[in-house]
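**Student:** From Swiss-Prot, for reference:
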- 126: active site, proton acceptor (ACT_SITE)
- 10, 11, 12, 13, 14, 15, 16, 17, 18, 32: ATP binding site (BINDING)
- 4-285: domain 'Protein kinase' (DOMAIN)
- 14: phosphothreonine (MOD_RES)
- 15: phosphotyrosine (MOD_RES)
- 159: phosphothreonine (MOD_RES)
């Protein structure tokens, strides 16, 4: 820690306190101080250490770079590149949603970063606008990649704030333990819709409410649109039956190709969701440099 000074607290995230600091050359970094779950004799979880070492190997222009891991007494300190703004703040100040060209650029960058990590068998598991950082050049970078795998998604955040359910896939909400790449794609779809609409698509207040909000818009799953849904632990055959709404009734300012892409991301059945690599090749991006 001696090489960093001028610590300024800039936030409290899912896993700990985040500080802005400088090194001796005046370069800015984001330091995440993470409390570790202890194993025997107070030794940090070997799983945590192993997972974080994998993150250090990830190198992509759309992923926040992890420069260093400092092993302190009861915590790990992760040293990341520092960016000033996150996507949530940007959406909040842009009343009515982002401009279409901006939303398209951010979505493509997000998919590029996601595709890279999925190719390297790393999942995010906790994608949301707060985890997407943006610099002054309009570059989007994904933060906290892999931390959910390393430390688990806690029921409550470090700040005692309930972890948001708004971007969580219906298969996970119904108890699926098969964490794979489609859970990140669902989150990307929710973020895409939020960039376009200027507000969250499924702002649930509990797991049950979250599912009902999804079903009221996309329809209740059945044997036709999701053959394996009955196998999920929290599936209830007595779920209220809703028919899917027309996309144009709840998505504003998106053309037909954009709606087609979004609909492929927000498939109820995870096996039917588009992959990040496939999404990058979608016609929606054909006019994007």
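One is the number of the first residue shown, and numbering goes on along the chain from there.
Just so it is clear, glycine is given a Cβ too, placed from its N, Cα and C backbone atoms.
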**Student:** If you count the C-beta atoms lying within 10 Å of each candidate's C-beta, which of the binding-site residues 10, 18 ends up with the smallest number?
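**Tutor:** Lowest Cβ count within 10 Å among the binding-site residues (10, 18) is 10.
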**Student:** What is the average pLDDT across the domain 'Protein kinase' (4-285)?
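**Tutor:** Result for the domain 'Protein kinase' (4-285): average pLDDT 89.
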**Student:** Can you tell me which of the recorded positions 12, 14, 15, 16, 18 is spatially closest to residue 126 (active site, proton acceptor)? Compare CA atoms only.
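**Tutor:** That would be 14, nearest by Cα distance.
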**Student:** Looking only at 10, 11, 12, 13, 14, 15, 16, 17, 18, 32, the residues listed as binding ATP, what is the longest Cα to Cα distance in Å?
**Tutor:** 14
**Student:** For residue 12 (ATP binding site), list the number of other Cβ atoms lying within 10 Å of its Cβ atom.
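**Tutor:** The Cβ of residue 12 (ATP binding site) has 15 Cβ neighbours within 10 Å.
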**Student:** Check the DSSP secondary structure of residue 126 (active site, proton acceptor), expressed as helix, strand or coil.
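**Tutor:** SS state of residue 126 (active site, proton acceptor) = coil.
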